[in-house]
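Novice: Pulled these features from TrEMBL for this protein:
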TRANSMEM  47-68  transmembrane segment
TRANSMEM  88-106  transmembrane segment
TRANSMEM  127-144  transmembrane segment
TRANSMEM  150-170  transmembrane segment
TRANSMEM  221-243  transmembrane segment
TRANSMEM  255-279  transmembrane segment
TRANSMEM  291-310  transmembrane segment
TRANSMEM  322-340  transmembrane segment
TRANSMEM  346-364  transmembrane segment
Amino acid sequence: MAGYEYVSPEQLAGFDKYKYSALDTNPLSLYVMHPFWNTIVKVFPTWLAPNLITFSGFMLLVFNFLLLTYFDPDFYASAPGHKHVPDWVWIVVGILNFVAYTLDGVDGKQARRTNSSTPLGELFDHGLDSWACVYFVVTVYSIFGRGPTGVSVFVLYLLLWVVLFSFILSHWEKYNTGVLFLPWGYDISQVTISFVYIVTAVVGVEAWYEPFLFNFLYRDLFTAMIIGCALCVTLPMSLLNFYRSYKSNSLKHNSIYEAMVPFFSPCLLFTLSTVWILRSPSDILEMHPRIFYFMVGTAFANITCQLIVCQMSSTRCPTLNWLLLPLFLVVATVIVGTTTSRLESVLLYTLTAAFTLAHIHYGVQVVKQLSRHFQIYPFSLRKPNSD
C-alpha cells in the first residue's frame, strides 16, 4: 500500500490537458478581500512555495480544532454553570482563523507571482479545503455549544451536512460545467466568524444567552444563517449555473445519471451515519459528538478529493467510495443489536482512525504521484533536475 498509485494513467493524461477556469462574483471577495490579498502576497518571499502557504493555513485550522478540543472536549464549556473557555483562547482562534483564510486567499496569487501554477496546486488547495470544513464547523460550535442556551449535537450534525453539501456543490458544478463558480458564502462566513470569535472574548459567552430579537436567540441566528445561505444563495446559484450550461449545450455529461453520480457517495455517507445515530443503542452522537463529526468529515473529504481529481482530469467520478464499506459493516453491526456501549465506542474510534489514516495515505500518494508526473517538488520551487 505504501507505493499504491491512486491516480490512473487516464487521469494523469487528463491533468496534462487541464486549464484552470473559475469565476468569482462575490462583491466582498472582489472589492475587499482580493485587494487586501494582493497587498499581503507581496510580503512573502518569491522562493516560498504556494503549497507551503496552503498547508500552513490548513494547519492553523487544525490547531484551532485541537485547542478547543482541549478546553471544550464535549461542547459544554459555553453552557451556563460550566467552566468557560478562557477569553485569550477566543482571541487566538479568531486571529488564526482569519490568518488561515488569508493564506487560503494568497496561495494562488503567490503561484501566479512566482510562475509556479500547476494542477497539483489547485488540487492540493481544494483537497485541504474539503477536510477543513469539519475543523471549521466544529470549532465554531464551541461558541454556543450544547445545553439549554446552545444547539443540540444532532442539530449541529445536520448543520455540518449543510456546509458539506454546500462545499461539494461547487465541485459538482465544475464536474458538469467545467467552471468552478466560487461560492459567496465562504468569504462572508470566514470574515464573520473571525469577528465573532474576537467579540466572544470581549463580551463573554454569556452575551450569546440573550435574545437577538424578541425571543430569537443568537443560536437561532447562527442556525438560520447557515441554512439560509445554503438555501437562498449557494443552491440557487449552483442550479442557475448548471441551467445556463445546459441551455448553452456546454455540459460535460449528457445524461442525468452521469451528472448526479458525484452525489451518490455523499448521500450514502449521510444515510449511513444518520441511521447509526438514530439506531444507536448507546446514543453514540451524545456520547462522542466530536469524534463522530470528525469521522463523517474525514470520509466526506476523501469522497470530495476523488471528485476533484475526476473533474480536473475530465474522467468519470467513482460511483461509490470504498470507505463506505467499513462504515456500512459497522452500522449493520449496530442495527443488529449485538453491540454494547463500550464496543460501539471502540468501533467509532477504530473507524475514525482508519478513515484518517486512509485519507492521509490517499493525499500523500496523490501528491507524490502528481509531483513525479509534473517533475516538481510539492513544497519547493526548485526543480528536481536542478539539484
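Placement of Cβ uses the backbone N, Cα and C atoms for every residue, glycine included.
So that I understand the layout, could you describe where these features sit and how close they are to other parts?
Specialist: Nonlocal intrachain contacts for the transmembrane segment (47-68), taken as residues 6+ away from its ends with a CB within less than 8 angstroms of a stretch CB, comprise 85, 89, 92-93, 96-97, 99-104, 106-108, 110-111, 114, 116-117, 120-121, 124-125, 128, 131-132, 135-136, 138-139, 142, 377-381.
Tertiary neighbourhood of the transmembrane segment (88-106): same-chain residues 33-34, 36-37, 40-41, 44, 53-54, 56-58, 60-61, 63-64, 67-68, 71, 125, 129, 136, 139, 190-191, 193-198, 200-201, selected by CB-CB distance under 8 Å and a gap of 6+ residues from either end.
Here the transmembrane segment (150-170) has long-range neighbours at 75, 78-79, 129-130, 133-134, 136-138, 141, 144, 180-183, 185, 219, 222-223, 226-227, 229-230, 234-235, 238, 262-263, 266, 270, 277, 285-286, 289, 292-293, 296-297, 300, 303-304, 307, meaning same-chain residues at least 6 beyond its ends whose C-beta is under 8 angstroms from one of its own.
Using a Cβ-Cβ cut-off under 8 Å and counting only residues 6 or more beyond its ends in the same chain, the transmembrane segment (255-279) has close neighbours at 154, 157, 161, 164-165, 168, 171-172, 175-176, 285, 292, 295-296, 299-300, 303-304, 307, 310, 316-321, 324, 327-328, 330-331, 334-335.
Within its own chain, the transmembrane segment (322-340) is flanked in space by residues 265, 268-269, 272-273, 275-276, 279-282, 284, 299, 302-303, 347-348, 351, 354-355, 358, which lie at least six positions past its ends and keep a Cβ under 8 Å from the stretch.
Within the same chain, residues 1, 4, 6, 127, 131, 284, 288, 291-292, 294-295, 298-299, 301-302, 305, 323, 326-327, 330, 333-334, 339 sit at least 6 positions outside the transmembrane segment (346-364) and bring their C-beta atoms closer than 8 Å to a C-beta of that stretch.
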Novice: Which residues of the chain, 6 or more past the ends of the transmembrane segment (127-144), have a CB below 8 A from one of its CBs?
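Specialist: Long-range Cβ neighbours of the transmembrane segment (127-144): 54-55, 58, 61-62, 64-65, 68, 71-72, 75, 77-78, 85, 93, 97, 104, 150-151, 156, 159-160, 163-164, 167-168, 193, 196-197, 200, 205, 208, 218-219, 222, 290, 293-294, 296-298, 300-301, 304-305, 308, 359, 363, 366.
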Novice: Using a Cβ-Cβ cut-off of under 8 Å, list the residues of the same chain that are 6+ residues beyond the ends of the transmembrane segment (291-310) and lie near it.
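Specialist: For the transmembrane segment (291-310), the list is 6-7, 11, 123, 126-127, 130-131, 133-135, 137-138, 156-157, 160-161, 164, 167-168, 171-172, 175, 262, 265-266, 269, 273, 277, 284-285, 316-318, 321, 323-324, 327, 348-349, 351-352, 355-356, 358-359, 362-363, 366.
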